[in-house]
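Only one structure is covered here, and it is reproduced in the block below.
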Amino acid sequence: MDNQKQDTTTTTTAEETTLTEEVTMPAMASPSSNNSTTPLLQEMSNAKQSTTNTQNTSSAVSCSTASIARSTTSRNNNNNNNNNEHKSTSPLLSNLKKACTNLFAPFTDSTGSPTTILPGLFLIICIGTVLGVSLPKESSLPTPWYRTFSSIIGYVYFTAWSISFYPQIFMNYRRKRTVGLSVDFSAMNVLGFACYAVYNASLFWSPYIQNLYRQNHAAGESIPVRSNDVAFALHAFVLSSITLGQIWYYDGFGTSQTKMSFSVKLFFGVAFLVLVFSTLVAIVSSKLSWLGFLYILSYVKVVITLLKYIPQVVLNVRRKSTVGWNIWNIILDFTGGMLSLAQLLGDSADMHDWSGITGNFAKFCLGFVSIFFDIIFFFQHYVLYPDKRGEGNESTHQAGLEPQIPWEEEADYDYDALL
């Protein structure tokens, strides 16, 4: 019994030992177990390192973003400050630029906008006033204050008439074309102002002509020609010659734009024969004095003034447009004509001698004729063709091309029957 019990105990101990060995054997097999757990640890380590790197990157990006935001904010603040400064100075500069543009409207504006007429005329009045006050006055005028006033009027209309030639010249230069400007008008202008310049210069500078004038008029009567009359006539002759030269330069010879009508050619021929015949008579005969010859020149100028505007009026009607015909030429011509008549009437009234009108008939007629045709041009420009004026398409003119619009096409026309 005891032996059986001992065997049972031994068997139990052996089984426990076997179980212990079986249990400890997996634990002792560490190499294979370690090999299976190492990748997991490495993955955990890599994940931790990646998280750390991501946190560092996020921190760096945050710092960079904050820096960019600060820089952008600073730049925006600077821009706002600059914009505020610009806004504070921009109205002043803009108004100053606009004022200067309006003052020089005769040279820059080709449409005759009502907003630019008064500023443009204001500049001319200022120039004429400075000249009238600073330059010598007409000593034959008895009233001292009117002497200065007459001088101012004379130089204002001298300035207006003189500047009236420049707008067309500048427009032709900008367009590199003269379509819209009548060659007949320009050619007769040259001849007319040539006669007018000789007439005024002779009466103003020649003692011999002045003596002849006094012999044919009342004693003590002054010569009805002022220094501004001479300056205007010479200046007008030069500028009208330049305008005629532009027509031939930009549009060539023999084209419809540069070809004079038969009527104007005939008038030139007759005028040439009259002047040559008058010169010969004045030289070889006493029937015509040199003063009489000068009066013939003045009458030629008056006839030219009566006729020269007709071709331009007809051209505007046929084209149904005033494109290419600068209205500032007319605005200034109208101003000069009105002031010229005002000075002539005022001088005669101040001296109580109305023979100044009859003695300077050319000047008196020129004023009325110019005003009459100026009104016609105003009607064409502002009433008949208000949408077809100025220079047309400015971008094409800058490229040296004529705008492709219906009224800009040059048509062959003939107004011989009208002359």
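Numbers here mean position along the shown chain, with the first residue as 1.
Using the three backbone atoms N, Cα and C, a Cβ is placed for every residue, glycine included.
Here TrEMBL flags 8-24 (among others) as compositional bias 'Low complexity'.
Summarising the annotation, TrEMBL assigns compositional bias 'Polar residues' to 30-44.
Here TrEMBL flags 45-83 (among others) as compositional bias 'Low complexity'.
Under the heading region 'Disordered', TrEMBL lists 1-90.
Residues or ranges marked as transmembrane segment in TrEMBL: 117-136 (among others). Cβ atoms under 8 Å from those of the transmembrane segment (117-136) belong to residues 99, 102-106, 109, 148, 151-160, 163, 227, 328, 331-332, 335 of the same chain, restricted to positions at least 6 beyond its ends.
With a threshold of 8 Å between CB atoms, the same-chain residues lying at least 6 positions outside the transmembrane segment (148-166) that come near it are 106-107, 121, 124-125, 127-129, 131-133, 135, 137-138, 141, 226, 228-229, 231-232, 235-236, 239-240, 243, 328-329, 331-333, 335-340, 342-343, 346-347, 350. As annotated by TrEMBL, transmembrane segment applies to 148-166 (among others).
Taken from TrEMBL, the feature transmembrane segment applies to 178-199 (among others). Counting only same-chain residues 6+ beyond the ends of the transmembrane segment (178-199), those with a CB under 8 A from a CB of the stretch are 168, 172, 230, 233-234, 236-237, 240-241, 243-244, 246-247, 250-251, 257-261, 264, 267-268, 271, 294, 297-298, 300-301, 304-305, 307-309, 311-312, 315, 319, 321-325, 362, 402, 408, 410.
As annotated by TrEMBL, transmembrane segment applies to 230-250 (among others). For the transmembrane segment (230-250), same-chain residues at least 6 beyond its ends with a Cβ under 8 Å from one of its own Cβ atoms are 158, 161-162, 165-166, 168-169, 172-173, 176-178, 181, 183, 186-187, 189-190, 193-194, 196-197, 199-201, 204-205, 257-258.
Annotated transmembrane segment per TrEMBL: 262-284 (among others), in sequence order.
Residues annotated as transmembrane segment in TrEMBL: 290-310 (among others).
Counting same-chain residues at least six beyond the ends of the transmembrane segment (322-341), those with a Cβ under 8 angstroms from any Cβ of the stretch are 105-106, 109-112, 117, 120-121, 124, 153-154, 156-158, 160-161, 163-165, 167-168, 171, 175, 177-181, 312, 315-316, 363-364, 366-368, 370-371, 374-375, 377-378, 380-381, 385, 388-392, 407-408. Taken from TrEMBL, the feature transmembrane segment covers 322-341 (among others).
What TrEMBL records for 361-379 (among others) is transmembrane segment.
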Same-chain residue ranges lying at least 6 outside the transmembrane segment (290-310) that approach it to Cβ under 8 Å: 184-185, 188-189, 191-193, 195-196, 198-199, 202-203, 208-209, 212-213, 216, 267, 271, 274-275, 278-279, 282, 361-362, 365-366, 369-370, 373, 376-377, 415, 418-419
